[in-house]
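Read through the structure below, which is laid out as structure tokens, and then see the notes.
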């Protein structure tokens, strides 16, 4: 039988040992513009500058230019960018796994996220993840949720996050930006089509990874030398913490915040704490590397970053030994289940995971 099952439990077996981690380093990047058109390069790079507080995140909701995320993009933009880099350098980008950051976040957080499930497809050209099916399912679940009386809608709460980003970003570094531009950010139309996507080379245990993912902003400027780390900033919003229950909810959020930033090598996260009406009253700066220790020693200890990393290393090693031949494979974890199933859904081909242009390029190079 093709495939197999990996049990996350008992997680105690992932405790203690220190997995070797290769620091994520950006090897290339790409951008989507305001119409979500793909471009090589950093044209959509944005710069962080502190927003004015209090900040009303509801403002402009009626003019929100929202990305249509129903389109099936697979790995096309990521593979296009890797192909351009290989043509430029004359060297192949070697990796065991090429995927989006969102897919790896689900795997990394799985030991402490029993409630949520995921599905992704993979193929053995190099193992590659694609997240369209999962996104469609997630959207349906959100639409069917009934919000408690007095709570903002899911759409409005999603908008709050994008509004917060708009209030925190500049199109160029602070120094040459006119004061009027900085102070008029509250009036900008929010558009989440434009994105800067970093492509990094990293490693967890013996698995070499190339991961692509959106980055919100840079703290200062990108360094001239590619070897130097980049002072990326991830922007998040969260409800004010009023009691112990809120603290546990926030800690669980921190797991995702940490995993997303850890995978791309983002050193700093800025959280805007908002009330139930969508008004941000305070900011908190978090160092990504210190979050697991903070949760362990100062919080309720709801998760352990070391266990996440050790689990990811073991699971990816198992995945490589399970998916060793062509065809399309499904990687699936059901909600409230500790089992990750891997099974073949198509005997041959790559199931549209890998673009024709990339297949042609690799067969020639």
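Glycine residues also receive a Cβ, built from the backbone N, Cα and C atoms like all the rest.
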**Complete:** Among 197, 221, the candidate listed by Swiss-Prot alongside 214, 236, 260 for substrate is 197
**Message:** Looking at the divalent metal cation binding annotation from Swiss-Prot, with 165, 234, 235 already listed, which candidate in 113, 187, 216, 275 is the matching residue?
**Reply:** 216
**Asked** Can you count the other CB atoms that lie within 10 A of the CB of residue 197 (substrate binding site)?
**Response** 22
**Request:** Compute the centroid of the Cβ atoms of 165, 216, 234, 235, then list the same-chain residues not in that set whose Cβ lies within 8 Å of it, in sequence order, for the divalent metal cation site.
**Result:** 164, 168, 169, 215, 217, 233, 236, 270
**Fill in**
Note: in the chain of residue 165 (divalent metal cation binding site), residues six or more apart in sequence with C-beta under 8 angstroms of its C-beta are 216, 235
